[in-house]
């Protein structure tokens, strides 16, 4: 008896069913490194139009978290997809290496500078620590399959980068944007330094909430202003509200809004001045049963009226400020120019000087009456006691409210006026110019434009100086008496930059001023001791990296991509510096992603036990699962992750992998050079399948080009699961396995599968990089083929249907609907035990004229599309079963006629009619012993 199994073309491939990614990926990474994959990608793209995504530098401290993974994977998907779209995509990863967090870590190891260790040794310890942190993070980024110039990253502590940062400072000075002044800045008592806006977090804090009386210096004059002479009784006070009693010793004025209506009100046994709109709310807060309005006047009429400071022997004026609102309080704002930005600005208009009572350590200086030596927060209670003692405290409560905290120490900070260096927002029209540049940028998502526009419109001048040890120095000299910059500052900066380029920032601290100033000037000028804000470091990388490194060929940056918190961080600092130095934005597009939360929308937290550690994911599931999860998510909002969500990504991965494996297994023995069938000679269904792939590719390319990666994944899944998995790949199994190995019927099918596989692997590569690389190695080899899929552009061998194709896409879409209806009835027949599998069925399709004419075009091949042994078409009028879910069609299922063929498993009535092959059907006889069956459609 003949063993017909050997006559079948059974699928065969070495491509494993299981990904086993956690085990295989490291070997692939080694191969990529050994073969210098990144350089191969660069070489393959030489001469093409560039696309530059400038890497925002993560801070070189600690292990990477899931947010880092999202950020770097999104960047990698963009770079790989841009390569496939025909761009040259240099990618230089970077790290932010200076600043306080590293200082604090190093202090814990070696002690504070100039105590147990010299400042120079401390800086070297910081450099060594940062280098170690970079190496750890770098290994993790590489493990995720991120391609880049990992052997030559940019570090803000590289000597050449430090020198370029100094040169950027020089350009800021040259363009007239730098000034020195005493202004209130965010000040961390633990850091002993100012903080950037982006280094401030808001947390809940319990504070005293107090209403305070400032007695009128001249009650009669106040009565007269309110046209209320002789009205009411008791002392007259202006009432302010504050949650920072410690700032009252520095009070120099009370601000009111010139446009608001203010009232003199009888409050029990006293008279108070309040804004009209808040009288009722203050009455309730203070607990006064009844009030009487004695007079009313516009705020501007009260300008410069004098009121007595609650506990110091001086009076303070009422001054006018637009910052005063009726959102809360009393409409009269306690104004301490040392401790608030609005306070400072409005006081400056009236030439009101700052008090200067709080030292760097957050304690009141020794000359401060009543509070000398006390820390500011410690002094709150003492101030309250003093207010009670002098009868100035109208009301005291304790409230929980949002208060600024240091991002690193998590402790409350203060506003404090100190001599600092600033980039002026109004100087040389910087604010207006930056606002104009924002409009020239494409913001993704679009709401990013309004967000940064508001921030730039309202931000204060940028304090760029810090009082730290580990940072790029502000390499300037100021006159000992006048504090003016040296007249040769720009020349000196360049001279110092060259030294830093050779020896790093320590060259500045070791520099003898005589070397650059000469003997005489060295006596009259001193070094500025400050370092630059780390946001200046990273904000100037458009110059220190993109403009400076040769691989960027002088091209400007196309994209910045970071988390949405960077509107006030890196996007902002980069915009300010680039506009100040180059007169334009440093980027053409800015893409932001949301923060990672758990499946319930909660932040990642150890206490909640919902933290997903990236390394645990790739060690268990593989990095491709992490990459697929990132790509599957709409990154414009919050990005949800959990073990369940990752498991779901794993299921999607398996569907894609199974599709790829089916393609590879059925390309067994296929040599494109020898076996490829011309499009016009291919079977109709195969041509349609290739046209489906072309349509999918067009959708996928458009989605990649618009950074809509979740759309890419959805389209990829639809193609694998619906168009291929549940239709085309299902139908072709019979033809692929049972027809002659070298027949047109089979080679046509393999040609389609090969085109589809060549396209599919390229679609996957930006997202499922490891799996795409693995698939690439199993595809049939062709002459001149690249070693890696990552050097390839999207596949150009796909083709669409033409006018010559009678069975067009609309036709096959209708066939899909007929098949869905047939499957529905077959499934019911299976449940009713009429049949076991579809091949045990004979289906009769009762169709209206239109559907009948369509189905008849397939002739005897309709049964292959329906995957039944027999298929008969009859007029709908003859139906003895009801129409189903498709109008104009009724499907009847019966058991197939004849016997089951052991070779093809179809039921046939001609088994036993062939002498030599009596056990198989006539079709199989033709495929085994004859010229092979002919197929035209399916």
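The backbone N, Cα and C atoms fix where each Cβ goes, and this holds for glycine too.
Marked as motif ''HIGH' region' by Swiss-Prot: 58-68. Note on the motif ''HIGH' region' (58-68): residues 95-97, 99, 101-102, 105, 130-131, 133-134, 136-137, 140-141, 155, 563, 595-596, 604, 611-615, 641 of its chain, located 6 or more positions outside it, place their CB under 8 angstroms from a CB of the stretch.
What Swiss-Prot records for 562 is L-isoleucyl-5'-AMP binding site. Close to residue 562 (L-isoleucyl-5'-AMP binding site) in the fold, though at least 6 residues off in sequence, lie 56, 71, 569, 570, 571, 592, 593, each with a CB less than 8 Å from its CB. According to DSSP, residue 562 (L-isoleucyl-5'-AMP binding site) is assigned to a strand segment.
Annotation comment: Swiss-Prot describes 603-607 as motif ''KMSKS' region'. DSSP assignment over the motif ''KMSKS' region' (603-607) gives 0 helix, 1 strand, 4 coil.
Per Swiss-Prot, ATP binding site is recorded for 606.
The Zn(2+) binding site feature in Swiss-Prot is assigned to 901, 904, 921, 924. Counted within 10 Å of its Cβ, the other Cβ atoms near residue 924 (Zn(2+) binding site) come to 26, all protein chains included.
Once Cβ contacts within 10 Å are tallied over all protein chains shown, the binding-site residues 901, 904, 921 are led by 921.
With residue 606 (ATP binding site) as the anchor, the candidate binding-site residues are 901, 904, 921, 924, and the one with the nearest CA is 904. Summarising the environment of residue 606 (ATP binding site), the number of other Cβ atoms within 10 Å of its Cβ, over all protein chains shown, is 7. For the Zn(2+) site, the Cβ centre of 901, 904, 921, 924 serves as reference, and the other residues of the chain with Cβ at most 8 Å from it are 738, 902, 903, 905, 906, 908, 911, 920, 922, 923, 925. DSSP classifies residue 921 (Zn(2+) binding site) as coil under the three-state reduction.
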